[in-house]
Amino acid sequence: MEPLEVETPHPQIPRLYLKLISAGFSFFVAGINDGSLGSLIPYIRQGYQINTNLIAVVYGTTFCGWLFAALSNSHLCQYFDLGVLLVLGAVLQVLAHALRTWLPPFPLFAVTFFFASLGQAYQDTHANTFVASVKAAHRWLGFIHAMYMAGCLVGPFVSTAVASADVHARWNLFYAAPLGLGVINLVLVVIAFRDSLRMTQQCGESSPESRKGGLQEMWQTLCTPSVWLLSLYFFFFLGAAITAGGWIVEYLVDVRNGDLKDMGYVPAGFYGGAFLGRLILAEPTYRWGERRMIFIYVVLVPNIITEAVAISLFGFFSGPFFATGISVASKIFSAEIRSSALALVFVLGQVGGSIFPAVTGILAAHAGVKVLQPMLVGLLGATGISWLMVPRCSASTLPHSPSPPAVSDHPSYNTFDPNEYSYNETQCHAFFPGLFEDPTRAHAFWQARNGIRRADLDRVQMTNGMVRAAVYKGRLYVITALAKGEDHRRKIIGVLSSIHRALVSAPELTAIPDTEFIFSVEDKVEDVVGPGHPLWVLARKADEESVWLMPDFGFWSWGHLNSQIGPYDQVVEYVRQREVPWDQKKDKLVWRGKLSFAPKLRRTLLEVARSYPWGDVREVEWSNKANFLSMEDHCDYKFIAHVEGRSYSASLKYRQACQSVIVIHELQYIQHHHYLLVSSGPHQNFVQVERDFSDLPQKIQELLDDPAEAQRIASNSVNVFRERYLTAAADACYWRALLLAWATASPDVTPTSAPQHGLRYESFLLLGDSNMMHFAG
């Protein structure tokens, strides 16, 4: 038997890239608007014949737009999906630019900044939330925020060129440019996000519960300390950035005696530096630690902002500040509050971006624009201090769950049969406490959103590796099945067979609810759907709360013609028969696998462990089976390392079949039985190490120094997982619990008759491979 190392093809999703391009373009349009203001302030003052005090009104109305967005966002999210909110933001920006082109009276001109900032707030908040959820989010966040700075870079050139042509009459014509771009932005959003241009509830279905849900979300946001700490960071950073961009031209003209026509281009140096910083520094910031790198950038930012070159360096090193803050927010904010929390963070950031430029204007009216220099030095220092206050985000997303009871203490332990498929609901909960945490969690998530509707199911775009199925009167029906190749087909059969076994072995068929569902056998949620869809999956990240975890296909059976593993209970029985006693096991840590699945993570393990005498960690070359170890050979070692692959690694359950200490790094992906992992205390059943394996030598040495403790952890592991929670009995109980929790959260999808366009599972199995892989009943 060989260890399970499976990698499925990553599907190409053109619409995802269209959405990312649309998000980036919306930030570019916002950048054109914001970047032009600094260059236009002298022309606005001359055109409207106002002083710096009234310019502060523009920043005030901008803040009001962001504030209104924060107050309204959580309520709008109760009724409108992502596409509608992005379109609303685009429309408001088009309105603002259309009014400015007309050169309205100054009060109305100031009000247009309310419309523009409100539209930007809706687009920025939801675009950031969307982009933060995709694969390699740090790079895409760097991209969209670099696009914002690209807009800020272009803005001063265009605005200064137009305004300087005729100082008193022509500057407002600049706004024709962002007006045209705004229309393109609107069209692009409609096309890219057309799959979410809808209300989340039926028209007229507003209820006290919905309104209460919005208020509860806002209250939860306000009660989250990390929201306020991250807001403080953005408060000072945006205060420094917008103050620098807005007043640098006035500063260089009045204090440095620069020519207005030339100095109007200086903000482009700041924005150009920020543009390059967000592109170039995104990857090193992510790889070397966001917390550390941002503090380094704060130190590197020039302390005295007086010249065009210095302002460019300021922009370059402060470039990653915004995108990195969003990336950290996506990790420390829960999915439930992320949208409203980001809106609040942006608003409080805009408070700084509005207050400090306004205060600078008021002080400049009395003491001169030379106050800009000390203002920026103070704001940058405060930015660094506030960043140190932001909570650290752990790489681990392992769910926090109460420690499971020791199974030997359970009163019914002596009557437990691991191969009994027909335990009723009461028995299942008695034998497997803590196993059903994820269906309970997902049920609560959807109940708080008024349940799953058939429309929610219909909006899931079927793609390769997905199956839509139904249960009616205890029978399993396949409605649609899509597979790209034999790997998908075998996984789908494994999942369907496990469900069928749980159904036919149920003690009471009448207790099985009628329902309809969709599952995916792909490794990652993001490979098949966007955030917020109801879907059964093999693994999820902690913030992917809308999905439901199911046991993987290997519990039924797995293997190729030349690589047989077999049903999981067969693997367990084979291991049990040949496993050596604890004192005869090797005092080493073993790992075998392919580096290509997670090259950085797995290579780090090799680099850390192989120089120690206890390290037996090697890459397997499947072409010639170099360094190969069978699954049962792993059980000859006292310590077995488990490393995630492209996402989760299905081999964990096989390693847990051995009476060995399982050593696991901080996990990013959760499987259905991970809630039973306990890293400390009397019920400890594995050893957790840092994701970079920096503490691995210390942890292994502690185990070698205390063999009794190591044996206790190994015994706990095999008793909890191999002998109880990963048995066939547990598998059947979990599937029935999943069906029940799903059905009670989705009464709207209950079928009233057998699916007309579907096949019974038994008939589906008789289809030829090609028909099975592209089945649409």
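All residue numbers here begin at 1 and follow the chain in the order shown.
Note that Cβ sites are derived from N, Cα and C of the backbone, with glycine treated the same way.
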TrEMBL annotation of transmembrane segment - which of the ranges 337-359, 728-750 it falls on: 337-359
Where TrEMBL places transmembrane segment among the ranges 20-44, 70-94: 20-44
Among 20-44, 50-69, 102-119, 140-161, stretch most in contact with the transmembrane segment (173-193) (C-beta, under 8 angstroms): 20-44
Range from 50-69, 102-119, 140-161 with the greatest count of C-beta pairs under 8 A to the transmembrane segment (20-44): 140-161
